[in-house]
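Single-structure report; data block below.
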Amino acid sequence: MSPSLFRSEEVSLVQLYLPTESARPIMSALGELSTIHFKDLNPDVVAFQRSFVREIRRLTDTERLLRYLHSEIDLNGIHVPDHNLPPSYESVLESSTIEDIIERITRLEARVRQLVESSQLLEARYLQQLEFANVLTKADAFFSKSGNTVDPLRNNYETSSIFSGEDDTTAPLIENALELGTTGTFDSEETSPQMNTTLDFVSGIIPTVKFQFLERILWRTLRGNLFIHQVRADDSLIHGAEKNEEKTIFLVIAHGTQILLRIRKISESLGATLFPVEEDAPGRTSQIQQANVSISDLNAVLENTRSALYTELTFIAEHISAWEAVLHKDKTVFQVMNLFNYDQNHKCLIAEGWCPTANLPMVQKTLRNISDLTDSQAPTILNVVHTSEQPPTYFRVNKFTEGFQSIIDSYGIATYREVNHGIVAIVTFPFLFAIMFGDLGHGAIMASVALMFVLYEKTLGAKKDLDEIVGMVFYGRYIVLLMGLFSMYVGFVYNDLFSKPMSIFSSRWVWPVKSEEAIARAVQVGTYPIGIDPTWHSADNNLLFMNSYKMKLSIILGVIHMTFCLFLSLSNYRFFKRKLDIYAVFVPSLIFLEAIFGYLVITIVYKWCIDWKAKDLQPPSLLNMLILMFLSPGTLEDQLYPGQKYLQVGLVIAALICVPWLLIVKPFVLWRRHSNEENKYQSLNSDLPNVDEADALMAVDSQEKQAEPFELGEVVIHQVIHTIEFCLGCVSHTASYLRLWALSLAHNQLSSVLWNMTLANGFRMTGIVGSIFVVILFGFWFIATCVVLVAMEGTSAMLHSLRLHWVEGMSKHFEGEGYAFTPFTFKVTAE
């Protein structure tokens, strides 16, 4: 097994001296390598006070211009080609080239913005002219009915104080105001119908939803002394408006300059657009002709402007992806360079970072190549620095192991060079899942879906618009594939196919030909080759047998899993050469676990191996045995094997001894070591000649940096917590593995109920009707199986398997005090 799989890769601290003139191309090359995790050497400097803030701000402003251009491209429905950088853009470009790109983008953005503003202005004027022409046309049609002038209206006004339309082209507010006893704004002395009046009108266009408000406000304000004519605007105005709303053309006729001024103000306050319309027919005809000429001219100019804008945006769309990538890459380089120190004396940047030791030759070769290409006067220096600082944790992963590693990293990052539980989870995670989900049919459905994702991973991986759930399943496609395959295997062992048994081999239970008993009992004539005998599925005591089998199987697998994880801690202790932890932590932990639950597993297997019927004995209860083992040592209800009580007393004593062993030995040994080291240090100081005070302070400071001060209280508290957690955890964690039995039972019963409620009813029917019902019920059964049993139950079993790894398994060895290796890379930027 590769060391980088079982343990994190060895990582070295490197120090880089980068000449300022070649820093950008060097950082570009390192970003392509994705192999150095840079440290922040300016933690106390705020972001806006760092060295390359001005460059980053300018690039950010340019990216903002690109976002604006991208939005305009999307608005115009122009396709942006896929992100394919030309060869000249593969690396960070020279400063002069970047400046040329920024200037070009700035110039294009200004040009596009000017064209957009001109287009919007022309569209507004074009729409306004359309509205004006529409108002003129409707007004001319209205006045044509009344003799082409307002004079008939004036004559009619002498006999009535209010006019309102009576057909579909007018909108009456009220019946004749004189009949209601109101005379508008006239006094009692001025209500004579024969008064001389001068009528005039206001024409315009308003959104239809606001016309009713305008009508009511005008009537109430003018007390009914007006005439309103309204008509629906043409559809061309509806589609040309930004909000795509219907509009109404209105004509308000009233008398008096002040009243007309008030009408104009009220109309404009409600969003109406007013247009001047001539009273005489020749004047209106001239206005219509002028409006049509303006519409034609504006349309021609607008088409030319749109064509120019489309041409510019098409050109930009061909290059915008490359520009975005180049600017984002250059911005990323400057952001990383802000982490470095600047040496003004040597005109160079000083960087520190973590690099996998195996990649150091590749990094050095890259630095030499870049230095040769840039003809830098000063060399680029890379030094490996020896330090006691803890490096980051780095695991090399591929598309298969990435999902499993992410599951473990979600709980915590492993300490540097600690055993990687992610490689163990490749087998244990889908296997524990399958114990709960085991069904050959359901596992086949799950494996088929995952296999489809695996076969089409290139096509699906290239898509960026995957649904959230689909994307999650695609990311964990190999996890789902293994879960399905393991479920098929466990389902084969359970002899479960959609809750139904499979008679692959003949049953090893036969019924007697003649029986004198009232209830016939089957006789076992052999052992079924593999898995559960199908006869058990139809037996009356099927549930009792399967519960007992799966419950004991859960305990066995749980103890094996915890024991294996405990041995992983031994691997850690040996690797880090912590002998004290081996005999003060691992050994008592192993004895405590195996003295209780390891012994229980052995008794379960032993009880299975004994033919109790042949011995004519009642098999003892293992649960009662385990309880009496601690509550009443040496007492047995039923003996399982000779010498049982003496062995159990010895195991109890061994388990009890392990508790103070875990609690006391490690703190005591550490305290003795620290006391001896202090005595040696004091003896050494007394034997040394007089030294300079500054040298002594430097020596003390150096020791403080290398080792943390010993605190006995912290060590004792930590060990007490660990002891209590482990001892109680052995009990609770073993019980927690019973979820394997519980979920397996629930899954099987739910599958059986679903079968009996759907397909079983269809199979009872015969003939054509039965065939039709079978097809219909199969659809219901298959959909419910996929949604409820595969998706929902599968998610539940996966979460339980996840918990068994995070808590029950990893608590036996996982320290999780590391931090992730996050190299400087352009890959995340590109995504």
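Backbone N, Cα and C atoms are what each Cβ position is placed from, and that goes for glycine too.
These figures come from a predicted structure and were not determined experimentally.
Going by Swiss-Prot, the topological domain containing Val715 carries the same name as the one containing Lys812, and both residues are therefore on the same side of the membrane. If one looks beyond the topological domain 'Vacuolar' (608-650) by at least 6 residues along the same chain, the residues whose Cβ comes under 8 Å of a Cβ in the stretch are 552, 596, 599-600. At the 8 Å Cβ threshold, with sequence separation of at least 6, the transmembrane segment (587-607) comes into contact with the transmembrane segment (724-748) through 3 or more pairs. Across 440-456, 472-501, 651-670, 724-748, 770-808, the stretch most heavily in contact with the transmembrane segment (549-568), judged by Cβ pairs under 8 Å, is 724-748. Non-local neighbours of the transmembrane segment (770-808) in the same chain are 407-408, 411, 421, 425, 428-430, 432-433, 436-437, 439, 441-442, 445-446, 483, 498, 558, 561-562, 733, 736-737, 739, 743, 746-747, 750-751, 754-755, 758-759, 761-764; each lies 6+ residues outside the stretch with a CB under 8 Å from one of its CB atoms.
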